[in-house]
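Peer 1: Take a look at this one; I'll ask things after.
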Amino acid sequence: MTFRSILFKMFKADVKKYKLFILCNLASISILYSFISISANKQFMNPSIVDPMISSNIHAPTIFVLVFMGIFIPYSQSVFIKARQKDYGILLSLGMTENEVRKSVLVENLLMCFVSLIIGLISGTLLSLFFLAFIRDVIGIHNIDITISAISYITTTIYVFVIFIISIIANIYGMVKSTIYAKIKYAEKTEIRSNSSIIFCYIGIIFTITAIIAMILFYHTNSNIWLLSMFFCLVGSFLIFFNGEALIEYFQNKCYKRYINNIFLFSDLKYYYSKNKKIFFANTWLFFQILFFVVLSLVNYPNLINNSIAYHPFHMAYSEIKGNFKSLGDSEFKPLTDSEVESIAQDNNNSIISNHAVSFIRSNAVTIFCIDDVNKVLKKNYKVQSNSLIYVHPYYMNDGYEHEDVNSNISSISINSNKGAKKYIIKDTIIDPLFGQINSISQSILLADKVDFDWIKSNGIEYYLEGKLHLYNFSNWRNSNVIVNKLSNRLSEKNTVEKGDTFHKVSSRIEAYDTALKSSNFLIFNIIYFCSLLYFAAIIMIHFKLMMEYKDEKRNIIVFTELEQEEKRLGK
């Protein structure tokens, strides 16, 4: 009988192992491809088509899947090769050389990788089509096409092959170092034989508790503390899981009689824990990460909705830019008349309940408002002295984000004119979103009194842009989507605003609300989709490992059963 026929018979005997290995890897590959295809979708990632608030929700799950794959593929391959060690040992004992065995291992793993990749890409394509169809037709992100890109296939293929090659090289290197006897007896050994220590277990517990306490106490002072806490939690849990056997040994030393009375229970517990602690560790962190993302999505939902209202105190706003402006060519900006706005609102069963106009001037980086206009429109009571300014941080501080620049200290600002520079003292700093998020208004905002505002407007060289904010409130802002779209189109027609010109874009609460709603819904769907697939892959991985060890465990059970029967027979 030739080695080729022996290999074929081994293949037929272990065909179930091959099927499980391929299933295990194609599941992870299909998940990876479905996320990469969304990340590589040019329309979905284009900020002018899909708001970054929505598209950015794909980044964290994609990175997590990449990390998961970097662990999943090597582990499944390691389990498969360990389950086949006895076969390799038998082949060596029959006269096959080490090089022939290594070549056989390499060929069969590359073939299985290729088969897993092909089937995984096909199933991943179906998953990605479902993903895109759902976010387009159910969530409501209609302006993206359901497409298949070559870059997604290339990226997935390269990543999978790199992980596979690194993993197979590491496993073949381990085979070289083992003897024939070790290969044959490998299946009867525990997965890893390492010396555990109760001291490391205690250190792990201390690390984990410290990380949790630090997160609770210091998160509000520095939001980046969660990264450090996460790292210490990871290290702590690693030390606990990989020294778990030491707890059983500690119990054995302290309670020896109870240990002897339950020796089969504790010995089995120690044996199976030693074999499966990698899976316990990986699944615990997988569950933790999934729980983290679920809580994040649930917390973000009301937060995003509240921010859409807080950052849009007026239901609709747009800027009228006076004078010639380069984005409009040589024409003057033509604003909407009050009658136009009122007519369109009434045609859609709505009405205008307030209408304000606020003048502003701005440079490339700074916008200046007259404090009298701000107080009048927003019903504030801000005060500023002559030759001084108020610096405004346009934030809603409960928006869930860290705004480090609010602690910056700006003492003065110089305004250049034809007669020289005039210095203004920053007397006060306030935190207020004012008129909300409007594209024509910069992030740096100053408030000046009427005299200083007019002087800067007339003499400030850098403050070349003069404009007026038109601010509207409707009787029912939730029913203003059609109105805003019609007014936006009318404004574009009157001023020949080019498509994609965000500077003149109409700002509205309903659009921000819809975007926040879509972002929240997409995040929740993303988490459910992501968690379901990863848990499915994890279950397959556990099933795969258990089936790889099934024959050996079955043999052990038969031996114990025979011993028990023999003991009963002798007792009679």
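Placement of Cβ uses the backbone N, Cα and C atoms for every residue, glycine included.
Automatic, uncurated: that is what TrEMBL annotation is.
According to TrEMBL, the feature transmembrane segment maps to 20-38, 58-76, 110-135, 150-176, 197-219, 225-248, 279-299, 522-544. If you look up TrEMBL, you'll see 63-178 marked as domain 'ABC3 transporter permease C-terminal'.
Burial and contacts for the listed features, if you can.
Peer 2: Among residues of the same chain six or more beyond the transmembrane segment (20-38), those with a C-beta under 8 A of the stretch's C-beta atoms are 44, 58, 61-62, 65-66, 68-69, 72-73, 76-77, 80, 112-113, 115-117, 119-121, 123-125, 127-128, 131-132, 148-149, 152-153, 155-156, 159-160, 530, 533-534, 536-537, 540-541, 543-544, 547-548.
Secondary structure by DSSP for the domain 'ABC3 transporter permease C-terminal' (63-178): 98 helix, 0 strand, 18 coil.
Residues 29, 32-33, 36-37, 40, 66, 69-70, 73-74, 77-78, 81, 85, 88, 98, 101-102, 105-106, 109-110, 113, 117, 120-121, 124, 128, 183 of the same chain, all 6+ positions outside the transmembrane segment (150-176), place their C-beta atoms under 8 angstroms from a C-beta of that stretch.
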Peer 1: With the transmembrane segment (522-544) as the reference, find which of 58-76, 110-135, 197-219 contributes the most Cβ pairs under 8 Å.
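Peer 2: Most Cβ pairs under 8 Å with the transmembrane segment (522-544) come from 58-76.
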